[in-house]
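Engineer: Sharing a structure, written as structure tokens. Questions coming.
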Amino acid sequence: MDHFNRKNGVLHAEDVAIPQIAADVGTPVYVYSTATLERHAQVLKAALADLPRVHIAFAIKANPNLAVLGVLARNGYGADVVSGGELKRALAAGMKPEDIVFSGVGKTRRELQLGLDEGIGQFNIELEEEGAVLAELAHAQGKIAPAVLRVNPDVDAGTHAKISTGKAENKFGVAIDSALGIFDRLSKLPGLNLRGVAIHIGSQLKTLDPLEAAYKRIGELVAELRAAGHDITHVDLGGGLGVPYRPGETVSSAEEFGAMVKRVTQGWDVTLMFEPGRFICGNAGVLVTEVIWVKPASGNPYVIVDAAMNDLARPALYDAYHEFEAVEPTGEKFVANIAGPVCETGDTFAMGREIDVVRSGDLAIFRTAGAYGATMASTYNSRPLVPEVLVSGDKYAVVADRIQAETIMGAERVPEWAR
Ligand SMILES: Cc1ncc(COP(=O)(O)O)c(C=O)c1O
Ligand SMILES: N[C@@H](CCCC[NH3+])C(=O)O
């Protein structure tokens with residue numbers, strides 16, 4: 001459920017008419033709904049409420065906007081971060097250090113040190129050497145770093161290959177067969193409190209079966225680790241819950257997820273941790289765009305919009321589908337291709353899709369753009385970085401400015417010898 005609906009035929013974000021935002025801020029622009037963010041945050045919390053001990057850390061990579069993070073912090077969410085930059089954002093947004101989990105396959109020493117300096121709640125270790133370095137850094141300062149070992153359960157998440165993370169050949173985590181040996185060795189190191197395990201098998205999972213299979217393997221590993229004398233108090237089950245992108249597409253609900261987790265983790269006696277990203281913010285955002293031209297072509301006409309692959313990369317990267325809708329539709333439909341202005345054939349949002357009839361100057365939206373949208377934007381083709389707006393009821397505010405190409409040039413230096 002989201003809060004982007006029509007009133008008198010005009011698309012609104014909560015109580016704000018999209019044309020008002022477009023007139024004020026310009027296009028393209030991301031628009032987020034506070035009510036949708038809060039609703040999803042609450043729905044997931046409620047679905048997990050029956051579990052004995054739960055910690056939910058929003059995967060900041062999905063939407064690191066400070067205002068969005070603020071909404072989630074106020075709703076009791078911690079953060080799952082994967083870089084020093086994300087760690088600083090989580091803190092700046094008001095998330096408590098102890099509620100921050102640091103994931104990522106390539107944390108540098110400097111980033112590990114930052115985590116120690118800030119006293120974060122948990123490091124998710126991805127390889128033995130990382131654990132040894134963290135232990136050494138912590139011990140040198142008389143600290144003990146709370147950590148879990150990320151395990152690769154070799155489960156096919158059944159999602160796009162580029163966002164699948166739990167197959168043996170993926171770069172993430174340690175092989176499940178080697179987990180016990182690594183755990184034995186790392187847990188002897190001073191400076192480290194290795195207290196559990198973590199998994200994350202991939203993103204945009206539409207069914208729960210792969211998650212259930214992975215969780216069961218983790219349950220067996222926890223039993224094995226305990227039999228070997230280890231004190232296991234935390235299991236981080238990662239993120240991955242999918243959202244519907246296409247009309248009529250079904251995905252597992254938070255309630256079904258909660259029931260599955262409860263059934264599978266019965267008797268584990270640990271704090272369960274979750275790292276949802278897309279589920280929380282995917283439907284909470286749209287990308288508003290203006291039609292520049294409707295260009296005749298040998299096949300379907302091309303609707304050329306002012307948003308492009310640099311603003312919303314998912315279609316170009318993963319052939320992802322984002323629903324396209326006119327802000328003030330006439331009711332007529334036509335079959336068209338939708339593309340942006342960037343000089344790449346891959347800068348295409350849809351081919352041969354039946355969409356609302358639009359004309360030059362019309363406003364339209366791409367739906368379900370709140371996750372992995374603005375956060376993956378770039379300035380390719382020296383296009384300004386897309387701005388972001390947060391709506392709450394009848395209020396809205398620009399929460400990230402449009403960064404102009406001139407500003408970006410200002411950050412560059414041309415040395416004498418290169419002139
Ligand atoms: C370690 C980790 N946790 C959480 C997430 C969030 O995933 P999602 O947005 O699919 O919930 C990701 C991204 O896939 C991730 O790599
Ligand atoms: N960027 C991906 C998701 C990556 C998940 C991060 N581990 C997407 O847009 O679907």
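Positions of Cβ are set from backbone N, Cα and C atoms, glycine also.
Please treat TrEMBL annotations as automatic predictions, because they have not gone through curation.
Okay, so TrEMBL annotates it like this:
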type	residues	note
ACT_SITE	CYS343	active site, proton donor
BINDING	ARG278, ARG314, TYR318, GLU344, TYR372	substrate binding site
DOMAIN	30-370	domain 'Orn/DAP/Arg decarboxylase 2 C-terminal'
DOMAIN	40-281	domain 'Orn/DAP/Arg decarboxylase 2 N-terminal'
MOD_RES	LYS61	N6-(pyridoxal phosphate)lysine
Engineer: Kindly point out which of the recorded positions ARG278, CYS343, GLU344, TYR372 have a C-beta less than 6 Å from some atom of ligand 2.
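Structural biologist: Once distances to ligand 2 are taken from each Cβ, TYR372 fall under 6 Å.
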Engineer: Among all protein chains shown, how many Cβ atoms are found within 10 Å of the Cβ of ARG314 (substrate binding site), not counting that one?
Structural biologist: 23
Engineer: Taking ligand 1 as the reference, state which of the recorded positions ARG314, TYR318, CYS343, TYR372 have a Cβ closer than 6 Å to one of its atoms.
Structural biologist: none
Engineer: Can you give me the same-chain residues 6 or more apart in sequence from GLU344 (substrate binding site) with a CB-CB distance under 8 Å?
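Structural biologist: Residues satisfying the criterion: MET309, ALA316.
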Engineer: Count the other Cβ atoms sitting within 10 Å of the Cβ of TYR372 (substrate binding site), across every protein chain shown.
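Structural biologist: The answer is 23 other Cβ atoms.
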Engineer: For TYR318 (substrate binding site), which residues of its chain lie six or more apart in sequence with Cβ-Cβ distance below 8 Å?
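Structural biologist: Sequence-distant Cβ neighbours: HIS160, LYS162, ILE163.
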Engineer: Taking all residues of the domain 'Orn/DAP/Arg decarboxylase 2 N-terminal' (40-281) together, what is their mean pLDDT?
Structural biologist: 96
Engineer: Using only C-alpha positions, which one of LYS61, ARG278, ARG314, TYR372 is spatially nearest CYS343 (active site, proton donor)? These are the recorded positions in the record.
Structural biologist: ARG314
